[in-house]
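Peer 1: Below, the features straight out of TrEMBL:
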- ASP461: active site, proton acceptor (ACT_SITE)
- LEU344, GLY345, CYS346, GLY347, ASN348, PHE349, GLY350, SER351, VAL352, LYS369: ATP binding site (BINDING)
- 10-102: domain 'SH2' (DOMAIN)
- 163-254: domain 'SH2' (DOMAIN)
- 338-601: domain 'Protein kinase' (DOMAIN)
- 261-321: region 'Disordered' (REGION)
Amino acid sequence: MPDPAAHLPFFYGSISRSEAEEHLKLAGMADGLFLLRQCLRSLGGYVLSLVHDVRFHHFPIERQLNGTYAIAGGKAHCGPAELCEFYSRDPDGLPCNLRKPCNRPSGLEPQPGVFDCLRDAMVRDYVRQTWKLEGEALEQAIISQAPQVEKLIATTAHERMPWYHSSLTREEAERKLYSGTQTDGKFLLRPRKEQGTYALSLIYGKTVYHYLISQDKAGKYCIPEGTKFDTLWQLVEYLKLKADGLIYCLKEACPNSSASSASGAAAPTLPAHPSTFTHPQRRIDTLNSDGYTPEPARVTTPEKPRPMPMDTSVYESPYSDPEELKDKKLFLKRDNLLIADIELGCGNFGSVRQGVYRMRKKQIDVAIKVLKQGTEKADTEEMMREAQIMHQLDNPYIVRLIGVCQAEALMLVMEMAGSGPLHKFLAGKKEEIPVSNVAELLHQVSMGMKYLEEKNFVHRDLAARNVLLVNRHYAKISDFGLSKALGADDSYYTVSLCPVMPAWTGWVGRGSPSPDPAASPPPQARSAGKWPLKWYAPECINFRKFSSRSDVWSYGVTMWEALSYGQKPYKAGAGRGGWAVRWGGGGGGGPWSLTGVSALV
């Protein structure tokens, strides 16, 4: 896929800050002179380099979750060209507006980055290996999957680099660096025993130094107290330009003779969880501790290939089209919403109805949560809170919120997942639906929950009833009424005790402020049924503490439900003490008879 900014004459590609400043100097240093370049820190991001008052200013541009681009604190735009065009009219926080592009000299093409040289081949290899496709089917899958696959393979691109050594001890790393020339800045990268951490080994002055590289909660890599990056190869490229805490800049790679080089033809190593999608010709019969282990393809000739998630209309956001994105707002016009007489479900809050939402270029099927008339103010506030949370989320495995409509009633307009909740879909279908199909759906739920954790959201109500199916092979997480966003420095939050179960008190995580006594408290629990105790981790019940870790516990209970084909968990230990049943001990009629399920859960 070409870079979205590749056609812009003032886009220089992967150049350093100093190189950008040199180009601006040669162009005259006029106020408002600017250029665009790739960002080394974030995938798909850019840096706007601008001159004002004979000084250089550099503004990172990040690609947002929904595919838009924005400078921190600024408005989002559907592409880098549109962003630059906006700032040429309105500085909106910049020292001046963009007045004159610093175009590339004639014959100079944008400088490709390290990943640019690998991306197309890696996407092709990934799609081919994952879905066993060839020919036209392969080309179509590449077109539809490239945006999602690109970020996935970028996290493993370091394995193709000559400086990466996949199995070296500290002592072996030192021997390799001391062998041959001992040039200052000679380096290599190796994984450590502690999962998710790496060691950067560097020689300087005939001495080898080792630096820890770890991941933060958002999955970004950094040396302690250093700049953070989306991927390891970005961190290495940055440290080639700037020491940033190292004793010396990285200069010369200590090559791994057994690794594929960036220019080599070997296929990339696929991520541990290659995809939630499987080709019709694949069977999945085994489960292991990773949760989802596909067997090698067994070629058959199915008469009716089953649909893949990417084939559905709800895999990509309805706003993935830049033209549609222009109309994206939280509040929708009633005239664009058609409500059918078909009721999909009902509850204390009201009902869920089927409908159609008219967009600028298309119509989409939607589910409409309608709040019943005469509802208490607290319920209305809770529904709006759910809408504000859902509107921030954009992932193929999350039910997306299209918007809110305030007309004859308050209505939440959401993506349609027409096959209903997971537990009802599976009930009574043990002979019809194989365990491999259930594992596929559970893996998709895990991908959605991983996304929520990366965005610092605690769901707090994950259960099979809140997993909706688009079809038999595609699941999405729904119902964010109890969800909460954590602050950047928070790892958990607590809720205050009420006669049944807690209500909200605000932040109590590390480094968080005290609750504002003037703020209006969210609604109190009115009944025991309001709180899904059977799905709560022990710390939620005992200490009212919620975190992504307690969501993992709820995911385990959801697995119990799914792998027992819709049965309720903890039959032998219902209610408040239900969580005390020992996992793997056979209590409560869990799905322990299935091979490998006990260890998996």
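Each residue's number is its place along the chain shown, starting with 1.
Keep in mind that glycine also has a Cβ here, set from the backbone N, Cα and C atoms.
Automated prediction, rather than curation, is the source of TrEMBL annotations.
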Peer 1: Counting across all protein chains shown, how many other Cβ atoms sit within 10 Å of the Cβ of CYS346 (ATP binding site)?
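Peer 2: There are 12 such Cβ atoms around CYS346 (ATP binding site).
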Peer 1: If I restrict to non-local contacts, at least six residues apart, and a C-beta distance under 8 angstroms, what lies near LEU344 (ATP binding site) in its own chain?
Peer 2: SER351, VAL352, ARG353, GLN354, ALA367, GLY420
Peer 1: Mind checking how the domain 'SH2' (163-254) divides into helix, strand and coil residues in DSSP?
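Peer 2: Looking at the domain 'SH2' (163-254) with DSSP, the answer is 19 helix, 28 strand, 45 coil.
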Peer 1: If I take the alpha carbons of ASP461 (active site, proton acceptor) and CYS346 (ATP binding site), what is the distance between them in whole Å?
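Peer 2: Checking the Cα atoms of ASP461 (active site, proton acceptor) and CYS346 (ATP binding site) gives a distance of 18 Å.
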Peer 1: Across all the protein chains here, work out how many other Cβ atoms are within 10 Å of the Cβ of GLY350 (ATP binding site).
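Peer 2: GLY350 (ATP binding site): 21 neighbouring Cβ atoms within 10 Å.
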Peer 1: Around the C-beta of VAL352 (ATP binding site), how many further C-beta atoms are within 10 angstroms, looking at every protein chain?
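Peer 2: Total other Cβ atoms inside 10 Å, all chains included: 18.
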Peer 1: For the residue listed as 'active site, proton acceptor', what is the tally of other C-beta atoms lying within 10 angstroms of its C-beta?
Peer 2: 20
